[in-house]
Every structure is written in C-alpha cells, then in structure tokens.
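A.B. asks: Quick one: the structure is below, and I'll ask about it shortly.
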C-alpha cells in the first residue's frame with residue numbers, strides 16, 4: 001500500500017488516479033451498465049409473459065384434485081363428480097407404494113367416490129346376497145363404474161372389463177384418496193381388526209400382502225397425527241412464541257449497541273482464554289509425560305507398537321504426550337507472535353467494529369431494511385412457485401393402454417378413449433383399457449416445457465440475487481454517507497438510507513443486475529451438477545463420479561469467490577458510482593493491498609457476530625426452555641399445556657437466530673463498508689489540513705497521529 005500522503009499505485013505499475021472533487025457517495029452519479037439494465041428489464045418482461053403463458057395453459061386443479069381414469073377431477077364443481085371428492089382404487093394390491101398412489105401411477109382403474117368403503121366385501125358375495133337383499137348391490141355399486149347396473153354379470157367378465165372391483169376393503173380418506181384402514185394389534189398388522197380378507201377371486205389372503213404399501217401409509221398417517229399435535233401446540237403457544245422473538249429482537253439491538261463499548265473487551269477475553277487453555281494443555285501434557293517416567297512400557301515409541309484400534313494404548317506412551325506438548329507449544333507461540341505483530345491491525349479491526357456500532361446508532365433505519373429484502377425475495381419465491389405449478393400442469397390428458405397381460409405389445413402405448421373400443425387392441429389384449437395416465441402434449445409449447453421450467457429457475461435465481469445485491473448496495477451507500485461526513489453526525493445527509501436506495505435504483509440497476517447475472521449462472525450450473533450427481537449415483541463409473549465431485553467443488557469455491565467480489569463491488573458502486581467491472585477490479589486490488597487487514601477484520605468480525613448469535617439464540621432458548629417446561633414459578637399458571645414442548649422451543653431458537661442473523665448482516669455490511677472507506681481514506685488523504693482524514697478520532701489515534709485537523713476536532 002502506498003505511504004500516507006502519496007498516490008496509491010495500482011497493479012502493473014499504473015498510478016491510481018483520485019478524483020480531487022470527491023465529496024462522498026452522493027455526487028457525480030451517472031447510469032452504469034445500461035446495456036445490462038435493458039437486458040434485465042427485457043428478461044423481467046419475458047418472465048411476466050412466461051407466467052401469463054403458463055397461467056393460460058396451466059390448471060392447478062390437477063394438483064389440488066385427484067383425477068380418475070377418465071381424466072375427470074374428483075370434487076370439481078358443476079361436474080358429475082362435484083360430490084365425489086375422493087379417489088378409489090379398484091385393486092390396491094397393484095399399487096406398490098403410497099408414492100405411486102399420490103402420483104396417480106397405480107396400474108388399476110381409478111374412480112371418484114363420495115366416501116371410502118367401510119367394510120369387507122367381494123363381488124362374489126354381493127351376487128350371492130343380491131337374490132335375497134338388493135341393498136348389498138346398492139352399497140357395492142357406488143364403487144363400480146358410473147352407469148353399470150348388471151349385478152348378475154359373471155365375475156370373470158366384470159373383472160375382465162373392470163366394471164366393478166373384485167373386492168372392497170375398509171378404508172379411510174387421506175390426501176383425498178382411499179387408503180386401507182391399517183392398524184396394529186399386539187404387534188400384528190390388521191385391517192378393521194382382521195388379519196385376512198377375500199380377494200374376490202376365490203382366495204383368502206393375509207393383510208401382510210399389503211405390507212409394502214401399509215408401512216409407508218402408516219408412517220404417513222403417524223406423521224399426520226404428529227402434525228395435528230404440533231398444530232395444537234402452535235395454536236396454544238403462538239403468542240408466547242411472538243414474545244420470545246420480540247425479546248430476541250431487543251437483545252440483538254442491545255448487543256449491537258453494546259459492541260461500541262465491549263467489542264475490544266470480548267475479543268481480548270476470548271484470546272486470553274484461548275492462550276490460557278492452551279497453556280493448561282501444555283502443563284497437563286508435561287505432567288502426564290513426567291508421571292509416566294519409570295512406568296513399564298511407557299518408553300516405547302509409536303513406531304514400536306504400530307497401529308492400534310484402541311487409541312487409549314497411545315496415551316500410555318511418554319512419546320505421545322511429548323508430541324502433544326510440542327504441538328501445543330508451537331500453537332501457543334504462533335498465537336502470541338501473531339498478537340505481537342498484528343496488534344495494531346487487531347486494534348484497527350476492533351475500532352472499526354465499534355465505529356460500525358456507532359454508525360448504526362446514527363442510522364437506525366438500516367436495521368429494518370432486511371425486511372424489504374425479505375419481502376422482495378418472498379415475492380420472487382411466490383412467483384417462481386406459482387409459475388412452476390402452472391407450467392407443470394400445462395398438459396392435456398394423455399391416455400395409455402392398460403393391459404392385464406404383461407406380454408401385450410400395446411401396453412403403455414398412447415390411445416384415444418373415444419375410438420379405443422373400435423380398434424383391435426381389445427381383441428389382441430383381452431381386458432385392455434384406455435385409461436388416463438398423466439398430463440402432457442405434443443405441441444410446440446408442451447415440447448419445451450422443460451426449457452421453460454429451466455428458464456423459470458434461472459430468472460428466479462437472477463431476481464433473488466438482484467434483491468440481495470440491491471440491499472447490499474443500499475446499505476453500503478447509507479454507511480458510506482456516514483463515513484464520508486466530515487463532521488459526524490452534523491454532516492450526515494438527511495434520510496441516508498432512502499437516498500441510497502434511490503441512487504441504487506436510478507443509476508445502478510444495470511450494475512447490480514450484471515453482478516447478479518454472473519452469480520445466477522454459476523448457481524444454475526451447480527444445480528445442474530447436483531441433478532446429474534443424483535441421477536448418476538447408481539452408476540459404477542468411478543471416473544464420472546470423481547469428475548462430478550471435482551466440478552461441484554470447483555463451482556462451490558467459484559460461487560463463494562464471486563459472492564465476495566460482488567459484495568465489495570457493490571460497496572465501491574455505492575461510494576463512487578462506477579460500473580460493475582471497474583468497481584469489482586478496484587475493490588479487489590484495494591483488498592489485496594490490505595490483505596492482512598482484511599483477514600484480521602474478517603476473523604474478528606466473524607467471531608464477535610458468532611458470539612452474538614450464540615448469545616441471542618442460546619439465551620432466549622434457555623429462557624424459553626425454562627418457561628415451556630414449567631420451571632419458572634412466577635409463570636407456572638400462564639404456561640400452556642403442550643404435547644411437545646420442543647415445538648415452540650425450537651421455533652423460538654430458530655426464529656431468534658434468524659432475527660439475530662438479519663440484524664447482524666446489517667452490521668457486517670456496515671463494517672465491510674467502513675473498512676473499504678477506511679482503506680480509501682488512507683490512500684487518498686494524509687491527515688494534513690489540505691487532505692484531512694475522514695475517519696473517526698479513535699481510528700486516527702491508532703494510526704499514531706497527534707491530532708486531527710481543526711474542523712475534524714470540532715466534529
């Protein structure tokens with residue numbers, strides 16, 4: 001870095017020029033990266049058009065309502081199925097698992113019914129009882145195809161034509177589908193307290209034949225029971241949860257305010273604690289080393305005993321404790337030397353942290369800006385999700401041949417239900433039917449639905465990254481206004497956050513969109529790699545898996561690097577108003593010229609913010625634990641009775657952490673902005689009357705200057 005008072009030298013020996021008229025981030029603005037701004041607006045308009053197109057072709061009822069074998073919705077108003085809201089499967093034994101049922105891929109006739117069967121019955125038994133009591137048929141026919149009224153038709157023909165199910169089983173509706181009413185009795189799987197049933201084809205079967213489906217269904221039903229209890233817990237404790245989250249917000253604010261006074265104390269207590277713990281470790285290793293002297297076998301070397309699965313054997317060797325002691329001594333000396341040689345940079349880092357707390361104190365509105373970012377991201381997520389649902393339901397009904405014979409060559413081929421009975425398929429494949437399979441199509445739109453879904457995901461990533469970038473640039477502009485105010489707080493411009501937001505939108509939409517675009521491309525590539533890795537997990541090609549692993553690692557590192565560059569580029573954009581590439585380059589080289597300060601500040605900030613998050617989430621969590629477990633005598637009567645006390649407890653802990661993270665993300669952005677401003681201040685000014693520093697008095701003292709300029713001292 002250049003000496004104070006001299007012009008900084010840019011890379012490759014080119015002198016870096018400063019604008020002598022620079023007076024902070026408000027002046028000399030012009031639109032940047034206009035081309036990218038135009039492209040971004042066009043993409044947004046195209047995204048809106050894609051949403052409209054999906055809305056025109058899509059039908060979310062295909063997700064809400066189950067569909068029968070004719071492609072009709074169950075429970076749809078103004079149709080014959082309006083009062084038939086539940087889907088019934090003729091032969092549930094053909095359904096391998098609940099996932100198959102939910103995805104409507106079960107290879108059996110599916111029918112919309114008003115209620116599920118509540119008893120065991122077979123078509124054969126119904127025919128035997130029909131002669132004496134027609135009520136049996138009246139009950140059974142509601143599970144047959146509409147219009148079928150031939151109870152005397154032979155069982156073989158009914159099963160072949162799938163007019164009626166060969167059997168019905170006591171069931172209950174779940175996800176608007178009839179599932180067998182499974183339960184366990186003394187560890188034995190039962191259906192309506194029975195372990196056997198008739199399959200309607202002359203066989204008595206055990207309910208364990210449904211075990212593969214039953215296991216999954218029981219898990220889902222158990223999950224539903226747990227879900228109901230969790231809902232009850234939320235209903236009775238939601239106001240206490242809100243109180244806990246409010247306490248977390250107050251504690252987060254207090255922590256940020258107190259950092260102005262306690263940042264240095266907390267850091268040095270931690271450092272001295274680490275030194276003390278390592279020192280105790282050195283003493284303990286020496287004590288063990290000395291204590292084992294003269295013990296038989298303790299003078300053997302690790303090489304002598306070789307590899308042992310019981311690692312306690314190594315603790316009986318003096319050489320082991322000697323090695324531990326040497327390693328700890330090296331770590332201790334390294335930490336002490338780092339503190340000695342980096343003490344001034346650590347003091348600067350702590351001073352910047354304290355300055356960040358002071359800046360937030362003057363611009364309190366910045367603490368609530370994450371709410372705006374959250375709303376923007378929520379809008380993006382909602383639009384993406386709705387568009388994805390409409391796209392996925394944009395197809396027309398596709399019918400396929402469902403044949404009883406596995407050797408039928410027409411099985412799984414598409415068919416037309418209106419002309420199917422006139423073809424020779426029914427003659428070649430006895431019992432074959434043309435049933436609804438899924439939604440799709442052969443038009444241009446339907447062929448490119450996958451591309452549209454990919455575009456939907458890509459623009460979603462772009463917009464989310466843009467919302468985050470807008471927040472970072474807005475906060476950076478507000479905090480830069482604070483730093484470059486010569487007399488603080490008198491020279492801080494009015495409404496710095498609102499003004500910074502306006503500048504970012506008016507002048508730098510293109511630059512923010514450019515940085516977001518680069519990051520979105522990398523993230524999309526990572527998603528594609530994850531998808532390929534998931535698809536290729538079962539392959540035995542070791543080279544392919546190794547290559548994918550390397551690519552995933554490389555792009556993960558690339559994404560982290562781009563996020564780091566973008567963050568600092570947005571700060572430079574907020575300060576100087578230059579385009580993205582220039583800002584990214586200047587930010588990168590400025591950080592490289594201060595790489596040691598960057599490392600020290602980053603680690604000190606990470607530690608203090610981690611300590612703050614731990615304090616907020618842990619402290620509020622402990623308080624919530626004592627409250628919800630009735631361990632606070634004062635509030636014993638007010639504490640709600642819960643099924644699972646951990647439900648509100650985890651909600652409070654996770655919510656507290658997210659609240660703290662939201663506040664501390666503003667603080668981290670403040671510190672990063674002040675740091676870049678600090679580095680710029682050192683390079684462009686020398687502390688003289690002509691070029692006074694803009695930094696605070698505490699930072700000025702750390703740099704070793706005797707006094708500030710007269711005006712500065714007055715501020």
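From the backbone N, Cα and C atoms, a Cβ is placed for every residue, glycine too.
Any TrEMBL annotation is an automated prediction that lacks curation.
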A.B. asks: Can you check which of 265-283, 284-302, 398-416 TrEMBL lists as transmembrane segment?
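C.D. replies: That would be 265-283, per the transmembrane segment entry in TrEMBL.
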A.B. asks: Taking 362-386, 537-561, 562-586, 687-711 as the choices, which stretch does TrEMBL tie to transmembrane segment?
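C.D. replies: It is 362-386 that TrEMBL annotates as transmembrane segment.
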A.B. asks: What range among 431-458, 459-486 does TrEMBL describe as transmembrane segment?
C.D. replies: 459-486
A.B. asks: Do at least three C-beta pairs under 8 angstroms join the transmembrane segment (362-386) to the transmembrane segment (459-486), pairs 6 or more apart in sequence?
C.D. replies: yes
A.B. asks: Are the transmembrane segment (31-56) and the transmembrane segment (607-628) near each other by the rule of at least 3 C-beta pairs under 8 angstroms (pairs 6 or more apart)?
C.D. replies: no
A.B. asks: Apart from its near flanks, which chain residues at least 6 from the ends of the transmembrane segment (459-486) lie with a Cβ under 8 angstroms of it?
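C.D. replies: Non-local partners: 23-26, 40, 43-44, 46-47, 356, 359, 362-363, 366, 369-370, 372-373, 376-377, 380-381, 383-384, 492-493, 496-497, 499-501, 503-505, 508, 512-513, 515-517, 519-520, 523-524, 566-567, 570-571, 573-575, 666, 669-670, 672-674, 677-678, 681, 692, 694-695, 711-712, 715.
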A.B. asks: Could you tell me what the rest of the chain brings near the transmembrane segment (649-669), counting residues at least six beyond its ends with Cβ under 8 Å?
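C.D. replies: Counting only partners 6 or more residues beyond its ends, the transmembrane segment (649-669) has Cβ contacts under 8 Å with 234, 241, 244-245, 248-249, 251-253, 255-256, 259, 356-357, 360, 366-367, 369-370, 374, 472, 475-476, 479, 605, 609, 612-613, 616-617, 620-621, 624-625, 628.
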A.B. asks: Residue list, the transmembrane segment (265-283) vs rest of chain: Cβ under 8 Å, 6 or more residues beyond ends.
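C.D. replies: For the transmembrane segment (265-283), the sequence-distant neighbours (Cβ-Cβ under 8 Å, at least 6 residues beyond its ends) are 324-325, 328-329, 331-332, 335-336, 339, 346, 350, 604, 607-608, 611.
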